[in-house]
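Engineer: Please find one structure pasted underneath; my questions will follow.
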Amino acid sequence: MATPIDVVIMAAGKGTRMKSALPKVLHQLGGRALLAHVIDCAARLSARQAVVIAGHGAADVEAACAHLTRAAGDARQDLSLKFARQEPQLGTGHAVQQALPLLADDGVTLVLSGDVPLTQPATLRALLEQCDGQRLALLTLNMADPTGYGRIVRAGTQATAQASSQVRAIVEHKDATEAQRGIHEIYSGIMAVPTRLLRGWIHRLDNKNVQSEYYLTDIVKFAVADGVAVVAHQITDAAQVAGVNSPVQLAELERVYQLRQATALMEQGVRLADPARFDVRGTLQCGQDVEIDVNCVFAGQVSLGEGVRIGANCVIANATIAAGAVIHPFTHIDGEKLGVQVGEGALIGPFARLRPGAQLGAEVHIGNFVEVKNSTLAKGAKANHLAYLGDATVGERVNYGAGSITANYDGANKHRTVIEADVHIGSNCVLVAPVTIGQGGTVGGGSTITKDTPPGALSVARGKQVSLPNWKRPVKVSKG
């Protein structure tokens, strides 16, 4: 039977260098909180539970965890999420001590950092294999500039780090000697340790160090003293253990994350004009032969069908775009809670806006400066320029003229407009809801329609044209 995994996530830090009132672990990377990435990673390990240790902004952190965006199909729904508070913050060892009452001795405790979002589940599985329920396993990395990191001190010499030699200690940078500071192998902040051993070692910690803190890393010397093997799983991918302590570091890690998203999509066959000018802030699923131009942002849950083409500078959130659709440049699609559906072969934009609840059928055309909100457009309907469709049901092959709008709001409530199949709406019309335009009807340009119109009828509602011959324009009066 596999040893149960209990994950402890360090999320108590203030993040002073972020210069923000928002707790550091709630700052976003790829459209999701740093902490959300870590929790999802824990879930993909099939962990029994995750204990989030909160401190600074604890109430905000705990509340946010209930609303963190889930990746499609992830296992987080099966992860038991619990909380412990570290008040005051007296070091990493003190932090883990707050979680101990929630941990059972039959498991392995995996310690992660809430501000280290790019660690991969495969890396942690390898670390857990090294632990094997009986060893203290550390995730380490060789760094050209290890300043600020705890150094891995191995048997034999303190100035070198041979991967084959026994780990003897972790020395924090501020407590390290000059010789120890010459070591380039660093501790990532991630470890796996049998909980029954961790419990005893935590209670032996003291704060006799430069920072007067209880270091979790001191358990290494206790393990050595007790004859417990201390092993290191060394990786080469620095981004997997990179933490966020400032807006600069957050921006740097964002670009790493986005490039990895872009690379994964291109390996699936997606054609990106420039992977350096592409952002995914949620999840993006693409069919075969999808093309995406530069400076596009995808947020929430977005699905692109086969052969979809996305023009430059588009923002698309929470939308499903069917095969063969073309989204021209500068289009904004935001499905929010209701979602947006774009049918096969539809043409959208440029400069179009699709708002929540827009449901567009096959071969629908939505042109420049057209806004659609909470409306259904059937196959072949067209609104090619300068128009608004809100709370409307539009039939097949409708042509909706430039400058026309549905007046859907009476100051208190929204009302629906129904435009039946094969209707032609002239330019600059106002359809005052609730109203129905009968099948095959025509509304003359400039009309304000307030009553239902019968099928096949021409409906015109506008003031009579008056022309005054020999009209003299007013002359501007000279002042002084």
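Including glycine, each Cβ sits where the backbone N, Cα and C put it.
Below are the features I grabbed from Swiss-Prot:
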| type | residues | note |
| --- | --- | --- |
| ACT_SITE | His385 | active site, proton acceptor |
| BINDING | Lys24, Gln86, Gly91, Thr92, Ser113, Gly114, Asp115, Gly150, Glu172, Asn245, Arg355, Lys373, Tyr388, Asn399 | UDP-N-acetyl-alpha-D-glucosamine binding site |
| BINDING | Asp115, Asn245 | Mg(2+) binding site |
| BINDING | Ala402, Asn408, Tyr409, Ser427, Gly445, Arg462 | acetyl-CoA binding site |
| REGION | 1-247 | region 'Pyrophosphorylase' |
| REGION | 248-268 | region 'Linker' |
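Relative to the rest of the structure, where do these features sit?
Structural biologist: Long-range Cβ proximity for His385 (active site, proton acceptor), meaning a same-chain Cβ under 8 A and a gap of 6 or more residues, is found for Gly367, Asn368, Phe369, Val370, Ala402.
Around the Cβ of Gly91 (UDP-N-acetyl-alpha-D-glucosamine binding site), a 10 Å sphere holds 21 further Cβ atoms from the protein chains shown.
Mapped onto three states, the DSSP output places Asn245 (Mg(2+) binding site) in coil.
In the three-state DSSP assignment, the secondary structure recorded for Ser427 (acetyl-CoA binding site) is coil.
When averaged over the region 'Pyrophosphorylase' (1-247), pLDDT in the model lands at 90.
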Engineer: Drop a 10 Å sphere on every Cβ of the binding-site residues Tyr388, Tyr409 and tell me which sphere holds the fewest other Cβ atoms.
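Structural biologist: Taking Tyr388, Tyr409 as the binding-site residues, the minimal 10 Å Cβ count falls on Tyr409.
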Engineer: Return the member of Lys24, Asp115, Glu172, Arg355 nearest to Ser427 (acetyl-CoA binding site) in space, with distance defined Cα to Cα and candidates limited to these binding-site residues.
Structural biologist: Arg355
Engineer: Going by DSSP, is Lys24 (UDP-N-acetyl-alpha-D-glucosamine binding site) sitting in a helix, a strand, or coil?
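Structural biologist: Note: Lys24 (UDP-N-acetyl-alpha-D-glucosamine binding site) is helical by DSSP.
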Engineer: Please give the UDP-N-acetyl-alpha-D-glucosamine site's span as the largest CA-CA distance among Lys24, Gln86, Gly91, Thr92, Ser113, Gly114, Asp115, Gly150, Glu172, Asn245, Arg355, Lys373, Tyr388, Asn399, to the nearest whole angstrom.
Structural biologist: 71
Engineer: Restricting the comparison to the binding-site residues Asn245, Asn408, Gly445, Arg462, which residue's C-alpha is spatially nearest the C-alpha of Lys24 (UDP-N-acetyl-alpha-D-glucosamine binding site)?
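Structural biologist: Result: the closest of the binding-site residues to Lys24 (UDP-N-acetyl-alpha-D-glucosamine binding site) is Asn245.
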Engineer: Taking the residues Ala402, Asn408, Tyr409, Ser427, Gly445, Arg462, which the record names as binding acetyl-CoA, find the longest CA to CA distance and state it in Å to the nearest whole number.
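Structural biologist: Value for the max Cα separation, rounded to a whole number: 22 Å.
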